[in-house]
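Let me begin by presenting the structure, written as structure tokens, before commenting on it.
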């Protein structure tokens, strides 16, 4: 086989197919997995997954698509970088990261967000393909990058991922190459942009945010329109005039774009097909802010007058007739709100004119208002909004805007008029006319013919342009409206003529009637004319707006003679009335006269950079023509409209500087020119004209040429400054200071031009003048006059703006010195805010970038900063703080960009002067302060720029050691606070990591100082070291460094860029600890928690380095005290909080054990103690990890189990506070599940820690949530009330009564609160009534086995008994159980599995129903207890359970299966009784017994007898019960046709053969016979009841059953003897209700005791019993009150036919319970006592009860069973003990008249006892004997 070889180029690839590895060495791949390839061999690669480097293996080459990479080597480590463009890589990484979140959103059912992320991912995938294609034009690529980065940033924000900071080109900023301040500002900017983007997304107003943001930020815009097609049935040629239209103002706002369309449906010029492109330019922000903008198209037909005329030859052709309009609202496209894509086609519907005389303009308004149907006719266009003017868009969009693209300019100037943009366009709009028909019978069809004529009447060729894209023409023919007296054309054309011709030209308008027939039309001549000159006599142009012209009539030939009409008036006189007279006009010359009937109006708009409409401005521009008016014109300039001035900015400035240059020898006009210049500069500073800054800049650099102007400008400026300094009035000085920047620009440019012209001549003189000028400024700053305050503020604001220019012609160092003096001459506390703002501008200038300048300026700046920052922080100084931090930011930013060699001293200056000041500002500033993040960034930047030598130098600047300690303490506290409460938003990952890197270095540097200065015993500073350790641990445990919690992409990003900083600081902590020496003991146990927190970080190397510190701590304490209890206590306390908080794992537990045990090798004396400690901690960790593992689990059962495990641990280790904490957690879990009984038992454990005393509670035994102090009695009483409420909800009234009695004793005997006692006794009575009247369902019990290694340790291979909820079936329980473990497999057998299943890796669950086993106790033995009471104990307070299954053995008799039916019975013993603090407990013992067929028969017979007896009792108690169940039961036993009863037992067991083969079963056979014999009296009693209740129609059935019974009775009594029950006659009379008894007087226990042999006495006195004695089920309480010693009547209870349940009641030692005078345990003993009592003590403080407590820890707390005290049935000998035990159950008053009958009943029970078999017989309790 060929050897594996290292790959060279094949380094990086992506899986394009799924690869499922079949061998161990194969690497399984999924589509999209990125792999790093290391080696290759044939068709195989070897490598690993990028996202999981531990997943290594081989995989086929054919499954991998290779990617180009570049390999970078850093410190012998190869860094492989994909060769794709960075943005494509970023998209790939983003898609990976979003992909996993996208799946999580699906699982979490967050549909809306899921679909949103999916849509964004699809967008990114598509854009990534476009990026990788490499085919996009430059402008589209740029736009796509913006879209991609915007989408990524937005997606990251809504998915709560880290913010990505970028440069201006969208590339991710590298923190290593970016200063801290730049990084901070980049984060701020990115956050702002994303916040704005989210606002836009939420408002849904701005879907294309990228376009919107660019459009809104640019001053000039253009709209690109591409006409794709025009669909319209015309039949003649047409002209399409497209323009932009403002519907509110009803004005066209752009030039027309003219498309000439042919009659055959194509452009007139076929080469224009697919090339009809236009750009509407010069659109400004004002246009974007219009309410609405429409794209309109006016269609003019060229042809016949009437399109319907058939005879085309006779018709006049070439007429321009209205045809229709097309309109589209493009407001959203213009504003960037709607999609703007050059590929998307828009349809603009066409609307024709409804009549021949409809005006197009009017139709436009109707269409906009109505939006009628177009019938499918219209324009198809594509549009795109472009940013920039025509020059810019030609560069940025060359594929759209080329030489063939038509440019349609705006009607009017753009918002910025650039120099060189020479324009002389005059727009003429034909508005309307009113023409009289005179001699014609109908109104005229008027056509206007416009031309541009010279003063001699000649037509100027090509002077008129109808629309952009069309050739210029000599004359323009208007649209003809048919027979309209007042036509409204509203047609706009452009007149473009050379400027030099403007003075001699005029516009001439001819009016002609056009006839429909060609023959008539030829004879038509011009019937009138108008004219207008474009220039006025004063040299200004025609003013913009409306003009009503004179209409001249006369000879048509004379109309073409300029000399004939130019002498006539052009405008109608304002007062001239159109309808005055029809008489001949007084104005007539040479055959032409003014018509008084006809009217014609136009409007004009002049867009000229050379022609002005202002006389004053014109006078200045042409000052040479009238020099005598120069002073006047200069003064008038200030009142000229600003718009007019800026329009002619270049010409105006040229004029001003020409005046200055031509009067260089005189200063006559210097101040006037200077003031005029200041006025112009002031105009441009105005917000309205701020865009003209670029124009002024361009003028200064390209057009300005006054070489001597600097001298005059400096002279005037100095004069103004000096005048103001003296406090004298100088009106222009404030405007001058505001214009200082441009004044200096002119000065510097002028000096530069002079220097170039004369090769540096007069440089010394210039510098001296400049110096004196600055000295004048400084003098102004020193001035104390009130009038100068405002000037000083202005100087501070505007002086920095001149530096950029001044330093080009002036020595920088000298300039810095002048600036130094400028700031120092201002009094210290004066204008501080303005000084700082001014300094900030200085710092941002080029001057500050020079080292020698910084040397001069930095000290004055730091001094000012220090003074301001150290002022008291209140609202007044808030603004100063803001400016201070901005200034400091600027300084640090400048220094970060310089070479370190040139900034060393400057960093040192800032460090010494400002570091501590900034630190203290951060410390005192609130964390919610708006500026806190800015100051922290500043502080971080200072530390970042400090070198090692800076640190050393700074430490030495402290004069005393206490001052140094204070500084270090301040710094440590500040660092810790900033780490704990990050001042940056959570998604500022890069900023946080840079801060951490800087802090880490600073901490280590300061640690070196501590080692050097504060380690020795005499100089040891405990608090300083303590602060250091706490800071270091806070640093290492901060969330932003826990790499394991991050996504794979983020993990790699941080690791590659910053490394794992936790290791570095962790190793430092270790080293610092070991350097402490004898001082270590000071930090025990204080540092145990922090060190524990550090060791729990899941980084193996860090753990190995830091866990030994624990051993060192133990050793240190051990050597001092002989033990390490403090350490141990602290570890246990802190471990709980840490693990619950998510820290710690199995690996930690193992590592802790192995490392600590290794450490003991060298210290054998402590080895055993350490071993015990490790065992303890390991046990706690296991339980805590189990608990944490199920905290988020849906299964509350598992959480409860783990909580109980922790309860036991804390109880065993005497941790009261933690014990109580988990008690309440368990209580809350139970309440969530409505397990009220279990919640009550849980809370009861807390009460056992409390005494009935007025002692104040210690904090550790306080109830969770109780903050105010309480006494033991108050807390215990409160808890009892809560517990009683829980027991009531859980229907555990027996337990509730027990607690009520204990409370009653306190109320009666201790606090004597009879009111509370009354309420308590009422409550008890209610509970007793509930026991007797309310049905309580018996819960089922289920055995559950968890087998297999897949289960957690607290379940693995264990069996539990679960107590089911009310009416919960096994199937439901099992389904719910399996839902908690979806991967578990259900076992179908009930036998215990083998080791193969137990050791299997999976999960196997076994679940089956078990029967509770009732424990016998003397309390109920041989006593007449009602079913309501005894049934409760059958399924409560049980600890033993069994499960039975039949098995066949021996020979099977098909006729009698009982003979061979054995029972295999599995018995379970739980750790504690149920119910308890859990609904389940672990099985601690299992045993299996086999029950013979004879024993099974005995059990079966016992069950049947019990069932008969129970049913008799029910029917005695409730006469309303239906008779059917009793009928079926009795008939099934007595009828031979049905009966299979004991006959099958006789056949199987009562044979000589059986007796011979089983001599050991004689007693059992006797027992069975005895049970058969006892069945007869029970059946007899049942039949007697049946006889009384049977209906007539069932009487034959009863008779038959009675006959069968007689036969059966005869047979049984003959063979097994006679048994008779006492007869209950006449017992109702005079008996209290509570003493009434039915046949059910013999409980299950007493029945089980009747295992007598045949020698049982056969007769008892008949008068002892009365079958009629049972009372009704629910008699009214008011009628028969309950006596204290009585029981309540029984309720109707149905018995399950499927199973027999036994009950059990366990008692405390009765004799011990009487010892009421014994002392209570101490608090500590009480807590140490076992919470897992096997018996429940109602008064836990008594020694008699406590003596039964097990002090050895068990695995789970027990559920205390009912004690004698709880039941309230003490023996008669207890009557004189505590009041709580003073009441007896069967106490009868001496006056009872029926005492004799009671004795007879007891005599019957005594007889029953005597009949027991010898092995079952037990000693009769004393109290029973006494009673008898």
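Glycine too: its Cβ is placed from the backbone N, Cα and C atoms.
Annotated domain 'SH3' per Swiss-Prot: 8-69, in sequence order. Across the domain 'SH3' (8-69), DSSP classifies residues as 3 helix, 31 strand, 28 coil.
According to Swiss-Prot, the domain 'C2 DOCK-type' annotation covers 423-607, on the basis of sequence analysis.
Within the model, the domain 'DOCKER' (1210-1621) shows a mean pLDDT value of 90, rounded to a whole number. As annotated by Swiss-Prot, domain 'DOCKER' applies to 1210-1621, with the evidence given as sequence analysis.
Secondary structure at residue 304 (N6-acetyllysine), as computed by DSSP, is coil. Applying an 8 A CB threshold to same-chain residues 6+ apart, the list for residue 304 (N6-acetyllysine) reads 236, 312, 315, 316, 317, 319, 321, 516. What Swiss-Prot records for 304 (among others) is N6-acetyllysine, and it gives similarity to another entry as the kind of evidence.
Per Swiss-Prot, the feature phosphoserine maps to 588 (among others).
Secondary structure at residue 593 (phosphoserine), taken from DSSP and collapsed to helix, strand or coil, is strand. Annotation comment: Swiss-Prot describes 593 (among others) as phosphoserine, evidence class similarity to another entry.
What Swiss-Prot records for 738 (among others) is N6-acetyllysine. Secondary structure at residue 738 (N6-acetyllysine), as computed by DSSP, is helix. All protein chains shown were included, and the count of other CB atoms within 10 Å of the CB of residue 738 (N6-acetyllysine) stands at 17.
Annotated phosphoserine per Swiss-Prot: 1683 (among others), in sequence order, evidence recorded as similarity to another entry.
If you look up Swiss-Prot, you'll see 1704 (among others) marked as phosphoserine, on the strength of a large-scale study or a structure entry.
Residues annotated as phosphoserine in Swiss-Prot, with a large-scale study or a structure entry given as evidence: 1729 (among others).
The phosphoserine feature in Swiss-Prot is assigned to 1782 (among others).
Annotation comment: Swiss-Prot describes 1652-1703 as region 'Disordered'.
Residue environment of residue 593 (phosphoserine) contains 16 other Cβ atoms, counted within 10 Å of its Cβ in all protein chains.
Of the recorded residues, residue 738 (N6-acetyllysine) and residue 593 (phosphoserine) place their C-alpha atoms 60 Å from one another.
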